[in-house]
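Have a look at the structure below, then the notes.
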Amino acid sequence: MHSKSRITAIGTYVPDQILSNNDLEKMVHTNDEWIVQRTGMRERRIASEEEYSSNLAIKAIENLCTTYKKNLEDVDCIIVATTTADYVFPSVACQIQQYFNIPHTLAFDLNATCAGFTYGLHVGNSLITSESHEKVLVVATETLSKVTDYTDRTTCILFGDGAGAILLERDENTPSFIAAHMGTNGDGGIHLYRTNLSTTMNGTPLQTNEKIVQNGREVYKWATRTVPKGIKNLLHTVNMQVDDIDWFIPHSANLRMIESICEKSQIPIQKTLTSVEYMGNTSSVTIPLALNLAIKEGKLNNGDTLLLYGFGGGLTHLGLIVEWNLI
């Protein structure tokens, strides 16, 4: 894989409000032990009524700029991964452009659900490597609490809100991206969806309350079958072994799912970074949250080789091997 871009900054944000397992016990028939055993989750963050995906994204970008002393004036592309945009249109990316007054930039949202962040990184790297862009801001932001059915205990225990942002800049000497592997299984879309205009999918009637609908059993089977194969293919493309990977950062869908993927891929769970325990499933945001948490804990070092793997609704997945050189 050819690359001319490097990750030069990262920022994250989560709302203040905490939704604990004990809180959920008061809302649906569940308990802390049941949730932890099945998901590994203890808490998740919830946006206020006045907070939307654009607000969370802006705060994550501000965190990036403050932490790494970055200026956004010369950003020439904004990519936002989200399934919970404030509006059908305009895009969250356009709202970000307006807020930061970035003068000359491409701006668009992409919807790849839980794989959205790795999709965004892959597209951003491709734009820079093709020499059409120089500086790309990749953002993941979700307010899943606004589209979660809090009467459905199979889904309401899972989802939380948050945002993450990464800056990509041209650097031909120390590029970040080593390899990519991706795939789509659109026939599984019925297993994880949220309706908009259509009330059927491939002739099958849909639940039309505009909340997240998930067949957890089928999604689990797909992910634990597909992601290990994807990891194997990803490593094979660059003649690498599992031992060459310093850290595995999968989408934090569910800790039990991650444990199964690790077991099938022969990746030690100790080499895995997640955000699942105290942030829940934040869809496209789980990977940047896990990365920034690892930075704060002093786990990531320059030169580390990371394997990022996003997967989810679509059904779709995209994995990346990245050299971490956040100087």
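Heads up, the Cβ atoms here are built off N, Cα and C, so glycines get one too.
Of the given residue ranges 27-31, 62-66, 252-256, 272-276, Swiss-Prot assigns the label region 'ACP-binding' to 252-256. Rounded to a whole number, the C-alpha distance linking HIS251 (active site) with ASN281 (active site) is 8 angstrom.
Counting only same-chain residues at least 6 apart in sequence, those with a Cβ under 8 Å from the Cβ of ASN281 (active site) are MET41, ARG44, CYS114, LEU144, LEU158, PHE159, GLY160, SER252, ALA253, ASN254. For the region 'ACP-binding' (252-256), DSSP puts the residue distribution at 2 helix, 0 strand, 3 coil. Each residue in the region 'ACP-binding' (252-256) has a pLDDT score, and their mean in this model is 97.
Look at CYS114 (active site): DSSP puts it in a helix.
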